[in-house]
Amino acid sequence: MFNFIKKITASKSETPQQQAVRDSAVDKVLLDYNVGNVSISQMVTGLDRDGDQLTLELRLPQDCDPEMIQQELGNLLHPHGIKAIHMNVRLPAPAKGEAKTLPKQMPKTTDAMGNNSKATSKPSPNAEPPITKAAPTQASLSPHPHIRHIIVVASGKGGVGKSTTTVNIALALQKLGNRVGVLDADIYGPSMPTMLGVANIKPELENEQFIPINAHGMAMLSIGSLLDDDNTPVAWRGPKATGALMQLYNQTNWPQLDYLVIDMPPGTGDIQLTLAQRIPVTGAVIVTTPQHIALLDAQKGIEMFNKTNIPVLGVVENMALHTCSNCGHTEAIFGVGGGDRIAEQYQVPLLGRLPLAVGIRAQVDKGVPSVLADDEFAPYYISIAKNIEANIDKFAKPVDDKRIF
Ligand SMILES: Nc1ncnc2c1ncn2[C@@H]1O[C@H](COP(=O)(O)OP(=O)(O)OP(=O)(O)O)[C@@H](O)[C@H]1O
């Protein structure tokens, strides 16, 4: 399990085994408890357990009863040794004219059986007023003091070659003379360590900060480096994943970088949205294949970035054409011109187009991506990196060198 990122402080009497058992019991209760038809785990934006005290940050739907939820969770968690639940709740802002019906009384701390109790009252470490705080916007985020540009590489759909593209773009930006870092945030299939040939190296901790791994001169950190073999993607839903990823971003001693390239998890769900709202991103690159379905998903990705005010730097069309290595015949296996269409529809540049080529796959499998191998495909990625560089400064955020971690 993912113990060293999760905010868990074991009580003095709690052995590591008891801690693990209690953590997974809490996870299971949250996964199984529904508000309406949706698991409450999808609504948790922060989770902090300190021994038998559980603090939850929740974004709840408007028509729910937070006190009842707190009471029911208390009943369910009490048998697992949780004695008090502290809830910080955000509700959506009321629509015009509805102000009188909101807020419902917000729950205070209760003991785990639902009794309000002063004795157990404890503010969350991230305490905020318990209601209606708007989600952060890009404009309100402080730039990172060491990082000039943060680029997220996203795809609406899994398996389109997002990670392969990310690693090669990062290496291409480095080849163009930039200081580059890579953050592998793909909780569903973290592949950067393998693609960069550093799968066996674990990052070190110094003064509670991660030290990125040196991967061919790039500063690399992956959620994959922090998982034990028994971890499964299911354990990474919602709050845990975003909490862990934010910690990787914030509690890492990133060196001075011109670019931090983030390999996002595929899709446009809560995790992606939260990251897009909390990390000060210069721009997004969308990877798609020419297939219709991948394109539809790419559109969702673009719309998500538009909503969160993250500029879309452009689209990369991956696996565009295939040249048969035996007969030399070239075929558009996944269709033609999808990248162009989406770029046109959303008025974003088509940054480049990659062929479907055994060589591209073989190189990342070996841990020596095309750009590093300087093979026949490297120029495609260099050209994409040049296209990114050509436009990035107009989206740049000021560097905040006063920020202190
Ligand atoms: N242009 C390409 N030509 C041939 N194979 C490719 C190409 N791009 C990616 N691949 C291969 O396709 C597979 C999926 O690629 P990759 O892991 O980069 O996709 P992804 O979108 O990041 O996937 P996931 O959603 O699982 O994270 C890998 O085996 C990779 O080597």
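Positions of Cβ are set from backbone N, Cα and C atoms, glycine also.
What TrEMBL lists as ATP binding site is Gly156, Lys157, Gly158, Gly159, Val160, Gly161, Lys162, Ser163. Residues or ranges marked as compositional bias 'Polar residues' in TrEMBL: 112-124. The feature region 'Disordered' is assigned by TrEMBL to 98-141.
This view paints the features noted in TrEMBL onto the structure.
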{"residue": "Gly156", "record": "ATP binding site", "CB count, 10 Å": "25"}
{"residue": "Lys157", "record": "ATP binding site", "CB count, 10 Å": "21"}
{"residue": "Gly158", "record": "ATP binding site", "CB count, 10 Å": "14"}
{"residue": "Gly159", "record": "ATP binding site", "CB count, 10 Å": "12"}
{"residue": "Val160", "record": "ATP binding site", "CB count, 10 Å": "25"}
{"residue": "Gly161", "record": "ATP binding site", "CB count, 10 Å": "22"}
{"residue": "Lys162", "record": "ATP binding site", "CB count, 10 Å": "27"}
{"residue": "Ser163", "record": "ATP binding site", "CB count, 10 Å": "25"}
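Gly159 are the binding-site residues among Gly156, Lys157, Gly159 whose C-beta comes within less than 6 Å of an atom of ligand 1, given in sequence order.
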